[in-house]
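> The [4Fe-4S] cluster 1 binding site feature in Swiss-Prot is assigned to Cys64, Cys67, Cys70, Cys114; the stated evidence is sequence analysis. The [4Fe-4S] cluster 2 binding site feature in Swiss-Prot is assigned to Cys74, Cys104, Cys107, Cys110. The domain '4Fe-4S ferredoxin-type 2' annotation in Swiss-Prot covers 95-124. Residues or ranges marked as region 'Disordered' in Swiss-Prot: 166-215. According to Swiss-Prot, the feature compositional bias 'Basic and acidic residues' maps to 169-180. Summarising the annotation, Swiss-Prot assigns compositional bias 'Polar residues' to 203-215.
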Amino acid sequence: MFGFLKQVGDYTRDAVDAARNLAQGFSVTFDHMKRRPVTVQYPYEKLIPSERYRGRIHYEFDKCIACEVCVRVCPINLPVVDWVMNKATKKKELRNYSIDFGVCIFCGNCVEYCPTNCLSMTEEYELAAFDRHSLNYDNVALGRLPTSVTTDPSVQPLRELAYLPAGEMDPHGVPNDRPRAGQLPSQVLETLAPPAKVGAKNEGQSTGTTQEGEA
C-alpha cells in the first residue's frame, strides 16, 4: 500500500515539474512572439554593410608594383604575384595577380600594408559558387567594381540594428535618407581633430596690422 502511494506521489511530482518546465519554455516563446521580426527575406531584402565592412578585395592592376608586401603580411601567404624582371629597366613587370577567396580570411592585412593602395576592401559579400575553383579571382575579376546593395533596383536595402535611427527597432519601412544613430567615421574624425590655434592666428593679424601702421 505504501509503495503504491509512493509511486503516485513520485508521478505527481514529475508531472508538476514537467508542467513547470513547459510553462517556462512557453513564457520565453510568447515573449518573443510580441517582438518585431528581425529576419530578412533574402535575396529580396539585403542588409546594408557597415562603412568598414571587410568584403571582397578590389585590386587595381596599374597601381601594383609587385613588391609582394601583401604576401608577406598575409597569415596564410595567400596572394599569388606573378612577375618577371625586366633586364632593360631593371624593374619588376607584373603579369598576373590572384587571390583565392575560398581560403581568404578577410583580415585586411594586405589592404592595410599595401604601399600603393592598390588593394581595398569592398562591401560585396556574395561570393558563393558551385565550383570552389571559381573562387580563385585573377586580376581581371579583382578589378571589377563592387555592386552596392543600395543601387540594386531589385533589392530592398535594410539597415542593421546598430545603424537604425534612434528609437527604431525594425528596418522595414525606414527610408535610407533618415539619419542613423551615432556618427559616421568621418564625423568622428572631425570631432577628434585638434582645434585651430586661435592665439597664433590673432598674433599674426596683430603683427600684420602693426606693420601696416608703421608703413
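Think of each number as a place in line: the chain as shown, counted from 1.
Every residue gets a Cβ built from N, Cα and C, even glycine.
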> Which has the fewest other CB atoms in a 10 Å radius around its CB: Cys107, Cys114, the listed binding-site residues?
Cys107
> Specify the nearest of the binding-site residues Cys64, Cys67, Cys114 to Cys74 ([4Fe-4S] cluster 2 binding site), where nearness means the distance between Cα atoms.
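Looking at Cα distances from Cys74 ([4Fe-4S] cluster 2 binding site), the smallest one goes to Cys114.
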> Which residues does Cys104 ([4Fe-4S] cluster 2 binding site) neighbour through Cβ under 8 Å, counting only same-chain ones at least six apart?
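Non-local contacts for Cys104 ([4Fe-4S] cluster 2 binding site): Ile57, Leu78.
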> Where Cys67 ([4Fe-4S] cluster 1 binding site) and Cys107 ([4Fe-4S] cluster 2 binding site) are concerned, what is their Cα separation in Å, rounded?
20
> How do the residues of the domain '4Fe-4S ferredoxin-type 2' (95-124) split into helix, strand and coil according to DSSP?
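Split into helix, strand and coil, the domain '4Fe-4S ferredoxin-type 2' (95-124) gives 5 helix, 9 strand, 16 coil.
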> Write out the long-range same-chain contacts of Cys64 ([4Fe-4S] cluster 1 binding site), meaning residues 6 or more apart in sequence whose Cβ is under 8 Å from its Cβ.
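Looking at Cβ-Cβ distances below 8 Å from Cys64 ([4Fe-4S] cluster 1 binding site), excluding near sequence neighbours, one finds Leu94, Tyr97, Thr116, Cys118.
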> Cys114 ([4Fe-4S] cluster 1 binding site) to Cys107 ([4Fe-4S] cluster 2 binding site): how many Å between their Cα atoms?
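About 14 Å separates the two Cα atoms.
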> If you count Cβ atoms within 10 Å of the Cβ of Cys67 ([4Fe-4S] cluster 1 binding site), leaving out that atom itself, what do you get?
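Other Cβ atoms within 10 Å of Cys67 ([4Fe-4S] cluster 1 binding site): 15.
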> Restricting to the chain of Cys110 ([4Fe-4S] cluster 2 binding site) and a gap of 6 or more, list residues whose Cβ falls under 8 Å of its Cβ, or answer none.
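Set apart from Cys110 ([4Fe-4S] cluster 2 binding site) by at least 6 residues yet with Cβ under 8 Å, we have Ile57, Val69, Cys70, Val73, Cys74, Pro79, Leu119.
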> How many neighbouring Cβ atoms, not counting its own, are there within 10 Å of the Cβ of Cys70 ([4Fe-4S] cluster 1 binding site)?
25
